[in-house]
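Pulled from TrEMBL:
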type	residues	note
TRANSMEM	5-23	transmembrane segment
TRANSMEM	38-61	transmembrane segment
TRANSMEM	68-90	transmembrane segment
TRANSMEM	102-120	transmembrane segment
TRANSMEM	132-152	transmembrane segment
TRANSMEM	164-183	transmembrane segment
DOMAIN	226-358	domain 'GGDEF'
Amino acid sequence: MLKDFFIHSSFVITFLFIGGSLFKNNPEMNTTLQKLKLGALAGILGSVLMAFSIQITPVIIMDLRHIAILLSAFYGGFVSAFVAASIINISRLVFFDGSMETFLVTVLIMFIIAALAALVQKKVKGPDFFKWTIMGLISLITISSGFLYLMGFSNQVYQILVNYWVITTISGVLVYFLAGYIVQSNQMFMQLKTQSATDFLTGLNNVRQFDSSLNESIESAQELNEKLSLLMIDIDHFKKVNDTYGHQAGDEVLRQLGGLLITCSRPSDIVSRNGGEEFSLLLKNCSYSQALEIAERQRGIVENHRFTLPNGKEIKITISLGASTYLETTQCLEEFIKQADDTLYKAKRTGRNKVSSL
């Protein structure tokens, strides 16, 4: 039995790392699709564990499939738990022999564990390990009750259950800490990934992410034969804001301007802070004339907006903008960026608070 459960633990650990890789970019399980995927993966794990189960009698098997359900309930709630339990029960019916009584008892056990484990995760207050412990105890009591119902009580059954409790408890603790480590690692990975692509002050794309988005947008424009426009934006006389009100006030102006640009842009537009007081907008499927109209609208919105400083004082600022359009004003990537920069500086040289065109 010890050898068999060691094999089971190895399968669980393997699936944990597979799951960690699959959910690396979304470890929070905050969408129904992610929860369904988790439930499906846990169901497959439970089915695999059944394939390597211990044959107690010709019709009764014992394994660690309930841990798969606990994992799905712990990280995905009711949806994941019931998907996992359903897949496991279907596998039990299709791929394994046994009496109808045994099958029905097994189905009931799996769904009881799924329901109660998900309920514990949602309702019980306290540390995660406390919740996991309660879920494990519920599982062991439920499984043991079903086992006693099918097998009756004897010294042999008693010995089997004692061994099962010990091995399952050890496996459960190991799985809890390993799963927690994987989830925490994925969360740290996503945090670092976000920080590497996001401007710390405004929450917009930083210059690195701008370059990446620009290349992706260029490829998409080429494939779809669509025009791609670029607006380069610079705050007029921003140094005066810093000199007059302080750098903290300047940072607040940058934050508010970033939010304003996002609010006034289309969902498909990509807003970035390229450095200092310079921002950019990538406008997909947008002609040059449309880009100039959007730029003028952005300029007017910023000009009329009152920016609130940390001390409560309200000020107004203006911006200058330049534009270019890939597959219209130029066919060259380097020229595409240069045109937007050149027209921006043309606007700043010729009076500021304006949109300059080619």
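Cβ from N, Cα, C; glycine included.
Under the criterion of 3 or more C-beta pairs below 8 Å, with sequence separation of 6 or more, the transmembrane segment (5-23) and the transmembrane segment (132-152) do not qualify as touching, having fewer than 3 such pairs. For the transmembrane segment (102-120), the list of distant contacts is 59-60, 65-66, 69-70, 72-74, 77-78, 81-82, 84-85, 88-89, 92-93, 131, 134-135, 138-139, 142-143, 146, 149-150: same-chain residues at least six beyond its ends, Cβ to Cβ under 8 Å. Sorting each residue of the domain 'GGDEF' (226-358) by its DSSP state yields 59 helix, 36 strand, 38 coil.
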